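Take a look at the structure set out below.
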């Protein structure tokens, strides 16, 4: 527990020190998101990576039933948060080649499924690193200035909500590949330093209102239960504060109206993710709302909604 608490505290100190609270009637002009598959709305679609989900049954509960590249049966937290703060029902992926300049005004997500703070994570998965996401963010601000002027760019930087959601893939996958260099404590410290550095770099670029989600209880998702069983994967992996809600949902599913917590809806739900979750798999459930997880790693649309409803107002009230 001590490692996670230190990590979370380090990140939140940076965020809150740089946040200037606005008046009660303040509006949020845009939502800008960085991170991994939890927030990816399609940035991986045109990448040379196996971590894609722009095919059925992904998106079966999305408006129109379309598979858009979201790692869930429906909308993901970036969409739900954008709607909750009054911007739009969906948040566009920055890498969408069909985006028009006006589509940028209410925000975008740079998140890329499979990435993390550790540069090796993105390299292994052939996805967009969080550090490259910062480069794309600079490009985004340049586009805003070019099409809508300096004042609009200033408004977005000063008053938008910036959200960073990463580290789950570092903990679930890359840590084991880095075991020759790090033990659990030193790897946690490396990720903590990386998280703080990322937030500081984002603030240097002008962001003022930054929220940071810590890692999900990775050892409790179906894939990790299946692969690692009862091996010792506690410590940094299990109990990070921001996802207390998800951990409680996994431990007490009926409390939140769920029936299944130990496997995903897609396929048999234990080792079913990306291309293994496909329309040929005859075992996909008919009622994803009964499941906390959609596939073996990602929560269902309904689970995401519970998390957003439980956390967003509490944390937004600190800076707005």
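Each residue, glycine too, has its Cβ placed from N, Cα and C.
Over in Swiss-Prot, the protein carries these features:
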type     : residues : note
SIGNAL   : 1-19     : signal peptide
CARBOHYD : 25       : N-linked glycosylation site
ACT_SITE : 37       : active site, nucleophile
CARBOHYD : 287      : N-linked glycosylation site
ACT_SITE : 295      : active site
ACT_SITE : 298      : active site
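In sequence order, the recorded positions near residue 37 (active site, nucleophile) (Cα within 10 Å of its Cα) are 298, drawn from 287, 295, 298.
For residue 287 (N-linked glycosylation site), the number of other Cβ atoms no farther than 10 Å from its own Cβ, over all displayed protein chains, is 11. For the pair residue 287 (N-linked glycosylation site) and residue 295 (active site), the C-alpha distance works out to 13 angstrom.
Least packed by the Cβ count within 10 Å, out of the active-site residues 295, 298, is 298.
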